[in-house]
Amino acid sequence: MRTYRYFLLLFWVGQPYPTLSTPLSKRTSGFPAKKRALELSGNSKNELNRSKRSWMWNQFFLLEEYTGSDYQYVGKLHSDQDRGDGSLKYILSGDGAGDLFIINENTGDIQATKRLDREEKPVYILRAQAINRRTGRPVEPESEFIIKIHDINDNEPIFTKEVYTATVPEMSDVGTFVVQVTATDADDPTYGNSAKVVYSILQGQPYFSVESETGIIKTALLNMDRENREQYQVVIQAKDMGGQMGGLSGTTTVNITLTDVNDNPPRFPQSTYQFKTPESSPPGTPIGRIKASDADVGENAEIEYSITDGEGLDMFDVITDQETQEGIITVKKLLDFEKKKVYTLKVEASNPYVEPRFLYLGPFKDSATVRIVVEDVDEPPVFSKLAYILQIREDAQINTTIGSVTAQDPDAARNPVKYSVDRHTDMDRIFNIDSGNGSIFTSKLLDRETLLWHNITVIATEINNPKQSSRVPLYIKVLDVNDNAPEFAEFYETFVCEKAKADQLIQTLHAVDKDDPYSGHQFSFSLAPEAASGSNFTIQDNKDNTAGILTRKNGYNRHEMSTYLLPVVISDNDYPVQSSTGTVTVRVCACDHHGNMQSCHAEALIHPTGLSTGALVAILLCIVILLVTVVLFAALRRQRKKEPLIISKEDIRDNIVSYNDEGGGEEDTQAFDIGTLRNPEAIEDNKLRRDIVPEALFLPRRTPTARDNTDVRDFINQRLKENDTDPTAPPYDSLATYAYEGTGSVADSLSSLESVTTDADQDYDYLSDWGPRFKKLADMYGGVDSDKDS
């Protein structure tokens, strides 16, 4: 529908003030236009001033979203100078002029060419002016007016999120806050109810509710259980116009998840479990697994297992597998089928975290009975002790019984057991054991001073099943017997001054004993009976395992007796008494007035001879000269014994090659020069062997010189014959070592032992006639026949 508005500008001549009048208007919207009078004054030839009415307007109103086929009429502009003759021209400028808004330049009618949207631009400011069409000059000042776009309800509410996600604990009270949703409306909130939004719930009842004005979603049902239903989808509607009929609406989806609380106790799926385990299971061995189910999740489903009652509280244990939430029953102590075959346990499963507000639901734990059957296993023998300690005197004879060990089969069969000694622990086979009763006895003599403790291992093995065996350590202590005599702790050699007084101490003696008596050592010292009478010295026993040598007279003469050998008898007080005689050497020496030794007879024991520096230098020079002389003499002798460069004629035709040299090429690449055979004059005279000199020397025989055309074969034969008849040629009477020739050779082996083929071909009886030196050899070779006979 087109809306018309006419603005009439009236001019009244002769009135002293302007008069406002209401313009004619047609407006379907019912909004009255405000009147505004703009007075423009003009000059006239008469002195009478006249006031003119110019534009009368303020603003236009225009509905948005116009859907008509024609342009939407906005209003009309009119000037009082417009006489209808087309002399004026109306011009429009400002927001949307010429595009959104056009004006009829003749009539001043304004129209909208496009559909307008208030949400895009609610106000347009334009300017209007009337000009003289002929001169182009404005006849009225330019004036500004406003076109306001009137809002209609053309926008539905839009939520800030398409999908909301929220959580709320299960078992919550009614009215528990869940989440708040928000929707906005682009319409003008200041005009009508187009932007007034009201919330309502379309889906999700009776579990949840929503506040109509705030959009807050709350729980509407008591004790919603996650285990029954965990996910909920709620659809919320936002409607404008205050929810009235004809209002626009929008919806959103809220996905609500119930979070878990610990409202379910653990429960065993069965009341009784049974497992089997062999009695040989070591501590820590898992026997079986039990599992209680808990409908909760996360930490609310964590379970702790414990043994609360039963016959095996101290024999078994239960641990919790944190990954699978299973209870693992393990062996805590060693089991014995012969003692107990069946155990009954009570295992409890409980939640470590319990919310007090759910205690009314009952105890958060459950129990089950576990029956464990112990299976019999063929066990090795068991010794009566973990270790044995025995004692024996070191003077015990061979086959002396020390003690015994005992082991038996723990199984019900009671298989017999045999005993043995682990020879890796008794390499010298000092001990042995009776395989039947386990008695330990000696097989060799013992010596405590050699080894005090003997640590061996005894093995007990089932006769019917040798694989079943066990070991036990056996510690044998050798008890001491007084079988060692005491002796001096060191070699004693002392001196006495010539001017010594009687009863003067010249040496303190100490003794040691390899034995270890229970009451400790107690030694006694005395002079040997043969030296006790007429001795120049006496022995004083200090009763503390030491003794002192005292002078018996005043003064000693080293020229009469320079050395005294003093035999001292050392005895112990153990049984049987052991004693030994040690000799103390006492030298008579010259001493100073302080008693310090200066010289003893013709030699000094401690002090140097007192040579002067010059004498020492002379001695050193003599030693150097002597060494130089020896070195020169040895060098001259070596020069004289240098080997000659010329080799013997026997070696002329020989190529000596060492074939045991690996690498470096072969040495026989330099073959014998055949030219030597053709030039015998170049051969030197025969020379004797350098390594062995014969006892009788013969003059070398000169061989005739062969002609140049002498046949090589004749020359070689001549040389061969010459060497065969030469007494100076080898072999000499010396030891020669030959390699094994083998049996394929015509000469067989050169070994005399291989010269006969069988033992029967050689008679060794003659070796017995060679005397006692060859008796061993005669026994070796003469006993062959007897061995065969046997």
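Backbone N, Cα and C atoms are what each Cβ position is placed from, and that goes for glycine too.
Comparing Asn255, Asn723 with the features listed in Swiss-Prot, the residue bearing the annotation N-linked glycosylation site is Asn255.
When secondary structure is read from DSSP and collapsed to three states, Asn437 (N-linked glycosylation site) falls in the coil class. Here Asn399 (N-linked glycosylation site) is positioned 18 angstrom away from Asn455 (N-linked glycosylation site), judged by their C-alpha atoms.
If you take the Cα of Asn255 (N-linked glycosylation site) and the Cα of Asn437 (N-linked glycosylation site), they are about 85 angstrom apart, rounded to a whole number. Taking all protein chains in view, 12 other C-beta atoms sit within 10 angstroms of the C-beta of Asn455 (N-linked glycosylation site). For the compositional bias 'Polar residues' (269-279), residue counts in helix, strand and coil come to 0 helix, 7 strand, 4 coil, using DSSP.
According to DSSP, the secondary structure content of the domain 'Cadherin 2' (160-268) in residues is 3 helix, 47 strand, 59 coil. When the neighbouring Cβ atoms lying within 10 Å are counted for each of the glycosylation sites (Asn255, Asn399, Asn437), the highest count belongs to Asn255. Contacts of Asn536 (N-linked glycosylation site) defined by a Cβ separation under 8 A and a same-chain sequence distance of 6+ are given as Thr551, Arg552, Lys553, Tyr556, Tyr564, in order along the sequence.
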